[in-house]
Each structure stands twice: as C-alpha cells, then as structure tokens.
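A.B. asks: Handing you a structure now.
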Amino acid sequence: GSGPTYCWNEANNPGGPNRCSNNKQCDGARTCSSSGFCQGTSRKPDPGPKGPTYCWDEAKNPGGPNRCSNSKQCDGARTCSSSGFCQGTAGHAAA
C-alpha cells in the first residue's frame, strides 16, 4: 500500500484475493511479498471522515452494490442520490 490510510480492495486483485504483483495492490500499509501475497498492516476498519479519502466498499451495502440510504454508504466524495444510488467520484483507486 501507500500508507495507513491507502484504500484498496484486495479481494478484486487480478491474481485473486490478497494476491499481488506490487504494493499498490495491497490495502493500507501492507506490502506485496516476494511470493505475491499482501502482508503487513491494513487500514483501520474506520473509513475516516467523509471526503476524497473516505474509503467504503459499496459492494457490501445492505441494499446491494452501489445502493445507499445515506452518503456514508458511498466511497470517497460520492453522495447518495434521491433514487438511492451512489453517484460522483470515488476517492481512491479501484481494483
């Protein structure tokens, strides 16, 4: 990863969950081991304050992927639309 607040969903990595080819494919301060697995300390479960660095996995929302009841269920600076979908720009690289 790129530091304790770096947000990356390792489950979606091209080589499979927690598999990596570089540090950017590992969450938080984790690094990619020589055997191709993410290792070390991931980000804190708390997504932090809402804004461009806010990290939230919309795929796990109760109403379904990208569905929301409030903006805290949307990644980065995205907001929840009146129709219940996350909209706008996510704040981190997506897998």
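Every residue, even glycine, has its Cβ placed from backbone N, Cα and C.
Pasting the relevant annotations from Swiss-Prot:
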REGION    3-41  region 'SD1'
DISULFID  CYS7-CYS55  disulfide bond
DISULFID  CYS20-CYS32  disulfide bond
DISULFID  CYS26-CYS38  disulfide bond
REGION    51-89  region 'SD2'
DISULFID  CYS68-CYS80  disulfide bond
DISULFID  CYS74-CYS86  disulfide bond
A.B. asks: Note the mean pLDDT of the region 'SD2' (51-89), expressed as a whole number.
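C.D. replies: Within the region 'SD2' (51-89), the model's average pLDDT equals 91.
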A.B. asks: Return one of helix, strand or coil for CYS86 (disulfide bond), based on DSSP.
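C.D. replies: SS state of CYS86 (disulfide bond) = strand.
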A.B. asks: Near CYS38 (disulfide bond), which of the disulfide-bonded residues CYS20, CYS32, CYS68, CYS74, CYS80, CYS86 can be found within 10 Å, Cα to Cα?
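C.D. replies: Final answer, ordered: CYS20, CYS32.
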A.B. asks: Run through the Cβ atoms and count how many others sit within 10 Å of the one on CYS68 (disulfide bond).
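C.D. replies: CYS68 (disulfide bond): 23 neighbouring Cβ atoms within 10 Å.
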A.B. asks: List only the single closest residue to CYS80 (disulfide bond), chosen from the disulfide-bonded residues CYS7, CYS26, CYS32, CYS74, CYS86 by CA-CA distance.
C.D. replies: CYS86
A.B. asks: Need the DSSP three-state call for CYS55 (disulfide bond) to compare against my parser.
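C.D. replies: DSSP call for CYS55 (disulfide bond): coil, neither helix nor strand.
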